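For 1-18, the entry in TrEMBL reads signal peptide. The domain 'Nucleoside phosphorylase' annotation in TrEMBL covers 18-258. Annotation source TrEMBL lists phosphate binding site at Ser24, His55, Arg75, Val76, His77, Ala107, Ser200. Taken from TrEMBL, the feature purine D-ribonucleoside binding site applies to Glu181, Asn223.
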Amino acid sequence: MVAFAAFARTAAALAPRAAVVLGSGLGGAAAAFVERAAVPFGAVPGLVPPSVHGHGGTLAVGEWSGMPALLFRGRVHFYEGHPWEVVTGTVRTAAELGARRLVLTNAAGGINPALAPGSLMAIQGHLKLLGPAAWRGLAAGDGPVRPYAARLIEVMGAHERTGGRELLAGLYAALTGPSYETPAEIRALAACGADAVGMSTALEAEAAAALGLEVAAVSCVTNKAAGIGETALDHAEVLTNAALAVDRLGALLGALIRAPY
Ligand code: HPA
């Protein structure tokens, strides 16, 4: 670990254009990342250490398949009690360190029956159903309505098709959490058109788009949402699906980082 000033010098020399945020349990997706320097979130001005188990809370700079990139291992969630400007600290840090593209990942529950555990979903829109706004970064009415770059959704679809797979581009419902939803809440979200549900990403995507970053986001479905699965999943099967998804996710992130800027 190095002090932030030294980290920022290394980052400036590498000139990363993409930043990736890896969500819960998805650290294995960064196998293609070669780290050059790293700092704990707590050493980065504007970031706070995450309190959630499974979120490392480290910012690294290095090369991903030869492309300079920033990697946030972990994120800060709204449900940890932070105001929105703290939750979006990763986004401002990425922009300040030169990133022009932000790739967000999350673990999510599948609502769409096509989303079995281990599936990936490109986020094409979100329902932001979070608690009270405490973010003074934007004036009322400001902010993009479509934060997710259509071009990058196409990049993801094309990448998956080369592997013979279809990638659902779906609607992500972001709830405050931290508890999982009730089956009734999931039925309500399904009626609203949500394909997957989680507790992150939406605020970061909006903040990034407001800063002019190109945004892509991918959900990794770890479970069927409450009340959707008819049978309890076998734990070994869930682990196998998660491991498969992490490899596929890593390849997909590589394609997003390499796509023309
Ligand atoms: N609900 C909300 N967040 C989640 C879920 C879920 O089912 N799975 C992973 N993150």
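Cβ from N, Cα, C; glycine included.
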In sequence order, those binding-site residues of Val76, Ser200, Asn223 whose CB lies under 6 Å from ligand 1: Asn223
Surrounding residues of the signal peptide (1-18) on its own chain - C-beta under 8 Å, 6+ positions past either end: 36-40, 43-45, 59, 61-64, 67-70, 97-103, 256-257, 261
Alpha-carbon distance [Glu181 (purine D-ribonucleoside binding site); Ser24 (phosphate binding site)] in Å: 17
Assigned conformation of His77 (phosphate binding site) - DSSP reduced to three states: coil
Ser200 (phosphate binding site) - helix vs strand vs coil (DSSP): coil
Among Val76, Ala107 [binding-site residues], residue with fewest other Cβ within 10 Å: Ala107
Reported mean pLDDT - the domain 'Nucleoside phosphorylase' (18-258): 89
Cα distance (Å, whole number) from Glu181 (purine D-ribonucleoside binding site) to Ser200 (phosphate binding site): 14
Those binding-site residues listed as Ser24, Ser200, Asn223, and which of them has the most Cβ atoms within 10 Å of its own Cβ: Ser200
Residues that sit under 8 angstroms from Glu181 (purine D-ribonucleoside binding site) by C-beta distance, when 6+ apart in the chain: Gly109, Leu175, Leu189, Val197, Ala225, Ala226
From Arg75, Val76, His77, Ala107: binding-site residues whose CA lies within 10 A of Asn223 (purine D-ribonucleoside binding site): Ala107
Protein Cβ atoms within 10 Å of His77 (phosphate binding site), excluding its own: 22
